[in-house]
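**Q** One structure, as structure tokens, below. Some questions next.
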Amino acid sequence: MNHAHHAHCSSNAVGPEEARSTRDPVCGMSVDPQATPHHVYHGGQDFHFCSAGCRTKFLADPERYLSGAQREAPEAPPGAIWTCPMHPEIRQQGSGTCPICGMALEPEEPSLDDAPNPELVDFTRRLRVSAVLAVPLLLVSMGADMFGLHLVSAKASPWLQLALTAPIVLWAGWPFFERGWMSLKTRHLNMFTLIAIGVGAAFAYSLVATFAPGLFPPAFRMHGGMVPVYYEAAGVVVTLVLLGQVLELRARAATGRAIRALMDLAPRTARRIGADGAEEEVPLAEIVVGERLRVRPGEAVSVDGVVIDGRSAVDESMLTGEPLPIAKQAGDAVTGGTVNGTGSLVIEARAVGADTMLARIVRMVAEAQRSRAPIQAVADRISGWFVPLVVLIAIAAFGVWYLVGPEPRLGHALLNAIAVLIIACPCALGLATPMSVMVGAGRGAHAGVLIKNAEALQAFETVDTLVIDKTGTLTEGKPRLIAIEATGAIAEEELLRLVAAVEAQSEHPLAHAITTAAEEAGVEFAQVEDFASQTGLGVSARVNRRSVAIGNAAQMRRIGVDPAPLENAADAHRANGGGVMLVAVDGALAGLLAVADPVRPGAAEAITALRGEGLRVVMLTGDNPRTAEAVARAVGGLDEVCAELRPEDKARIITELKAGGARVAMAGDGVNDAPALAAADVGLAMGTGTDVAIESAGITLTHGDLSAIVRARRLARATMRNIRQNLFFSFVFNGIGVPVAAGVLYPVTGILMSPMFAGAAMALSSFTVILNALRLNRVKL
């Protein structure tokens, strides 16, 4: 284990340059020329494309796409550009969908606008209508066979099913047809291609069966001579896909709330001091570098600056993650978003707007979040060859049966082609991932592991390096009084009473831990007189006519007290990461008090278990190296320790680890951890931490229990294994079912699969996927 390595990093993070967008001459999408790999040099000019498909079309006939005098897209105002999280080269003005993967686009620049996502509102409304109609649709279509419920006559049933299904398919599911059509235009076949073809085939077949039943031979009719319809297949598929889209959009909305929570740390106004000394409250946007600002007690610091007057203790936990406020006086730097204590400060603005530390953190979180790859890409890649293959098989089946099949040849050709498309309907494929994720997430919740999205599961399964923040993760995050040592001249209880009375008047960062301990012990605070603070040394006062001095060794020497008798004890506490205060009463050394942030119970055992899972464990902290070393010794098993880190340093270290080939998970609890949590392959937030950390992470440990990381790892492996099983079954099922539906067994056995059996097989495949996913409830974590 390396405890000798400490990072002492400076902040050099800058925001990304705005890329100049150009217009794809084929599809008209705005494209970032620096991000897209698809470009062509033609006629002395570079042309950039959103996809390889558009590039191929352009090369086939450039003049066709240049005849409209294509012009570059004008620059849009900040916040107006929308981009795809999966394909950042796709950029356009206003919302829409990605022409490559079909995902909804997101604003490129974070905004404080907390209005609901219009697409989420729209899809939620479509889901509600679809679900309300799907229930009676299932009862009408399957009630007689499954429950003996004959709600309507056999002749009326297809027409009632059509009335219930038409709004689901033609209104609720219409966006899927649009995205499926877009995928065909751009030659990027995806899940929406499958959904559009599957739902469209089932619905179109049922329409033919309803309006032209005479096309079907007697062998394919049900008892009573009715032709079977499959409206329920189309309606249920649309409803399930809508449910998945709503869940995805809600997860992405939560990600946006994390960024808004970061932005909310900065106040909306600042108190500006004029040349004449008058103070006025102005919008933060009006502040410029060099102006003087007043920060009153309890207020958030508005911009990055330097103190020019006043003294106070500033809570910088949003920046460093450390719980102790930091004493500030003239000449000290302060950061926008940190919270002033009980003193009043006058600062000079040194960085405003997008140049502040908080603005950089917001940008880092937003950029890291956009860089994630969704797990559904696995199914989409397979769909790239599966969809055209199924369509070709359906066309081939139609052609063969029409040319050489028995009479009626048209009816047999149509039915076999439709059977191929129905049995290949992507219901099981669409359920394969979300069902496993939903069951796995429920299983995790019972084990104290909250899964934010499927991406986190996919990433955490392959993680080989775990980066852990110290404060609030390895430690409790709440400094406590850990030791009182008296010299014998005074009892420990009396020593605590005297010190607590004095510290109650102090703004020193360790004072709160002392007063809290005294309150818990039932100590009554005595009256204090002549309180005085000696900067850099300590404090002094009179308590019940006794003089009390508290501080460091220099404070003791200043009043003529020799600290030597307690130096060894003080050094021992400092070596263990504690802060030490020496106490003199009536001019004599009386004792010392030590304050520290205790290591979480079970932390050492959890680190051992994590290393047993094959993980390399690295601790990062904004605290000083001595405290970091003390915690590392107490925990044991750490591979590396980095101290005195700023938020951007933590994110930089994670980026460097990833660049070296590591798969990195980050566990943290503070606002300062948000950039690192977002930059990691997967973020783990302690449930006892800040909302920003929780929203920025993919996995939340509800009780702040480190052993939950082990459970999360096992859950991720089990869930991803289950997803692969479902995907494998779905494609094996189609690999067998599609040829059978096409009629390959007919020459040997004389057996044909009617669309009715194709629909039953499709339903059975979905049921099998669901049963397999439910097995996750029995996984031992």
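Each residue, glycine too, has its Cβ placed from N, Cα and C.
Source: prediction; values computed, not measured.
Reproduced below are the annotations present in TrEMBL:
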- 24-62: domain 'TRASH' (DOMAIN)
- 1-25: region 'Disordered' (REGION)
- 131-152: transmembrane segment (TRANSMEM)
- 158-177: transmembrane segment (TRANSMEM)
- 189-209: transmembrane segment (TRANSMEM)
- 229-247: transmembrane segment (TRANSMEM)
- 382-404: transmembrane segment (TRANSMEM)
- 410-433: transmembrane segment (TRANSMEM)
- 727-746: transmembrane segment (TRANSMEM)
- 752-774: transmembrane segment (TRANSMEM)
**Q** As a test: from 158-177, 189-209, 229-247, 382-404, pick the stretch that has the greatest number of Cβ pairs under 8 Å with the transmembrane segment (727-746).
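**A** Maximum Cβ contact count belongs to 382-404.
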**Q** Taking every residue in the domain 'TRASH' (24-62), what is their average pLDDT?
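**A** In the predicted model, the domain 'TRASH' (24-62) has a mean pLDDT of 68.
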**Q** Which of 189-209, 229-247, 382-404 shares the most C-beta pairs under 8 angstroms with the transmembrane segment (158-177)?
**A** 229-247
